[in-house]
């Protein structure tokens, strides 16, 4: 077997004789069929003859396979040749399958083995897809949705559905194809397209299949006398399909920044690309939030502005930074929203469902039954937006988990490096060169590792390493703690300052406003500088593997950001919200919203500064002064964490500043272009290889777990247990924001006693802690079961792997048997005589 | 393409849309790219499916392929005659399989074909050796390459025949999912959710 595989590629004849995609049509088929066929046309070349085997073919008889098919003779021959076979086997065990000259017939059979034709021969593909479409149809009957059908999350070693071939040996390719067409025709339109697209056939072939399927569909539709309704169904199907196409192309046109992303990936590979794609994902999240709050909160309120105190502060320019001043009484903040029920006419309703209707303001509307209760809308909009975001996040996280973590114990690192390390997106020449250099060094490292198994460190070295790690962690933790306490006391100081200034009357309002910026500046400064310190610590530690280094960096940065945000949340919800009167606030929610706006903006400004100084000027400096050849690499982990931090702020602030997502959208848009040009100008492809998918999984997980969860916990806490301001906002006069929902349910019950069940269910579900516990318990149990299932699957996988090994052995054994029988057939006379002499 | 000559009929475009991962616009763009390669050879009018093939030497000058070490193999794999001459169908096929939206399974099949240099439906040591030489641009020594080949085969081979069949390959690839998979499915879900929400609120309001 090894013979036919280790081709001598330099041989011109051999190349010509190799199997090419053109003539492989007939190659695939079942064993029986092939053997039967070969008795008829054994001489016809399958296009697989190798040059060195040509001679053997010539000297061989043509009916060799017919011999095989006669069991009696086979048995006899086997009996006679048993010794011979045994001897051969002995030899083979020492050197399996090498130094073996296979006869052409054996080779022919080997070449048509199903495992060899997967994805290659047309017949194989067609029968494979026939089976798939069949499965799909069967599934259809039991379950309507087949969304996850061809996901790679399925078990990785797949039965390729070859069993059907072996059953019906006489089946020709034509009929298989017909059946495939039949199946395709019976699938729904989207399934059919999905199938067609995923087939590894040429476009012409697929086109033919499609044409046949469509033709059949038309025939069945027009041929038989159709009742009116099914004709209608047909037209509906066509219409749905058209609209699906336009929906898809609409989605396609929504894809932002295709060209810049292509350019980045062409220059820097997928690692840097993942940052920008993450940015894009965040942009879409914010767009969603903005659309929801804009449609349900901002627009209705903007159409019906509440009565405002006449005095308006003039625009001074500082508002853009602080968000206070003349912005504070605008639709941007919580305080502006009224607690009335807006029921003018269908106009607001129109504004709610569609912006286009809101233009037609003039006309009178008769129906007054449509009303829009602002407090309820506020409550439900924020709640639903968080809920949907949560679902989408969890869904994408679980999907990304499924893709990047597999249950498997063996890891084929070298093979993966060889086949999966090339980044096909990179097209820039220097980057290509860099990449091949990187792959080279990685391979060398891996080889060194494989060759000399880890040199054992001495106890002293280990202790030394441990000390260094301990020291680095201590530095990081201490500096983080110091910064956090600093922020704590500074915010306390600022708070007291505010209290004093609220008491004293005559002070410059501009100065007051500017002093509000101090806290955001401090926090952003810490966020900017401490990661540098962490990098220094990591440099001191000198981690061997880049992935560990990245993870350590991420966890340290995360520690910092989480604790900073924790302190800030305490400051806002514990200090400001608890006693808003002490600092002269009428509306603490608006104040917190302004704070969040300031933080978001400061974060953006400091990112800009960092890009300018850290990347651009430092790059110039190192190039011109230090005469370094290499440009700095783009720090993906840190940049992504900054994005996550900003997003947390935005999520925290949605409740207080319904327009904060819009600010965040603007920020992200600008950031995209700035980072893009900075990367293009100042950076080079990162030297460390990035396991992109795992990184994206981690990013999404971080976005979900500390960031989104933290933000939603804060928001829920605010809604559930903090008393909203008395004189502003949609919830004025209520004990908690949550009461809005409760009152609504009670009111509904009053209006319609039939709904009392709903009210009772509501009060039980939401107010009783028992249900929360039960829910959490069920959740935990489900998780436990899943982990058990995974454990079981792991065992099954190891068993299956063993089985595959055994199958491989069996295959080898059978092939050698087959070959030995051929040998006997070829020289029966010689065999016989030799046998006789030995016996 | 200044004048309004039709390149494809609607039917053709629809067929392309159904069979590949491209939209109408992209197909037309692909055609213009294809035509740029050999303007004298490729006609503007493709309504009657002319049988024209652009040779490999021209195809690999495209910037997308120019620096790729596997460019010749890629083009050969997708050409119907196995020599690297691409008809427009093959050309579309190639980009459809390589584009971001194509499923991993399809990509795996074609990747296997690309790495299978001698087209025997197995990735054997020779194939691996060639792959490595192309990857590292001959910077590893012969011995190192051989060692890597041996080890890699040993790792990835499941059934012990010292070469990688398609299932071995697929199994290995599935453990290294280094593809970017943020696709627009996520966004479509997002917007569908938004639509649902709007409907729900309408119901609430009217109720």
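Every residue, even glycine, has its Cβ placed from backbone N, Cα and C.
If one looks beyond the transmembrane segment (A:272-298) by at least 6 residues along the same chain, the residues whose Cβ comes under 8 Å of a Cβ in the stretch are 256-257, 260-261, 264-265, 331, 337, 352, 355, 377-378, 381-382, 384-385, 388-389, 392, 425, 634, 636, 639-640, 643, 647, 650, 654, 658-659, 661-662, 664-665, 668-669, 671-672, 675-676, 679, 683, 685-686, 690, 692, 695-696, 699, 703. Among the features that TrEMBL reports, transmembrane segment is placed at A:272-298 (among others).
Residues annotated as transmembrane segment in TrEMBL: A:376-397 (among others).
Tertiary proximity for the transmembrane segment (A:471-490) is limited to same-chain residues at least six positions away from its ends with a CB under 8 Å from its CB atoms, namely 518-519, 522-523, 526, 530, 533-534, 537-538, 540-541, 556, 559-560, 563-564, 567-568, 571. Residues or ranges marked as transmembrane segment in TrEMBL: A:471-490 (among others).
The transmembrane segment annotation in TrEMBL covers A:510-538 (among others). Below 8 angstroms of C-beta separation, residues 316, 318, 321-322, 324-325, 472-473, 475-476, 479-480, 483, 486-487, 490-491, 494, 497, 501, 549, 552-553, 556-557, 560-561, 564, 568, 594-595, 598-599, 601-603, 605-606, 609-610, 638, 642, 645 of the same chain, each at least six residues beyond the ends of the transmembrane segment (A:510-538), sit close to that stretch.
Remote same-chain residues near the transmembrane segment (A:558-578) are listed as 476-477, 480-481, 483-484, 487-488, 491-492, 495, 523, 526-527, 530-531, 534, 585, 588, 591-592, 595, 599, 641, 644-645, 648, 652, 702, 706, 710, 714, 717-718, 722 (criterion: CB distance under 8 Å, separation of at least six residues from the stretch ends). According to TrEMBL, the transmembrane segment annotation covers A:558-578 (among others).
For A:587-693, the entry in TrEMBL reads domain 'TMC'.
Same-chain residues lying 6 or more positions outside the transmembrane segment (A:599-621) and placing a CB less than 8 Å from one of its CB atoms are 321, 323, 517, 520-521, 523-525, 527-528, 568, 631-632, 642, 645-646, 649-650, 653, 660, 663-664, 667, 670-671, 674-675, 678, 681-683. What TrEMBL records for A:599-621 (among others) is transmembrane segment.
According to TrEMBL, the transmembrane segment annotation covers A:695-720 (among others). Note on the transmembrane segment (A:695-720): residues 271, 274, 277-278, 282, 379, 382-383, 386, 389-390, 393-394, 396-397, 400-401, 403-405, 550, 554, 558, 562, 565, 569, 573, 577, 636-637, 640-641, 644-645, 647-648, 651-652, 654-655, 736-738 of its chain, located 6 or more positions outside it, place their CB under 8 angstroms from a CB of the stretch.
The annotation transmembrane segment is assigned in TrEMBL to A:770-787 (among others).
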For a three-state summary based on DSSP, what are the helix, strand and coil counts in the domain 'TMC' (A:587-693)? 80 helix, 2 strand, 25 coil
Mean of pLDDT values spanning the domain 'TMC' (A:587-693): 85
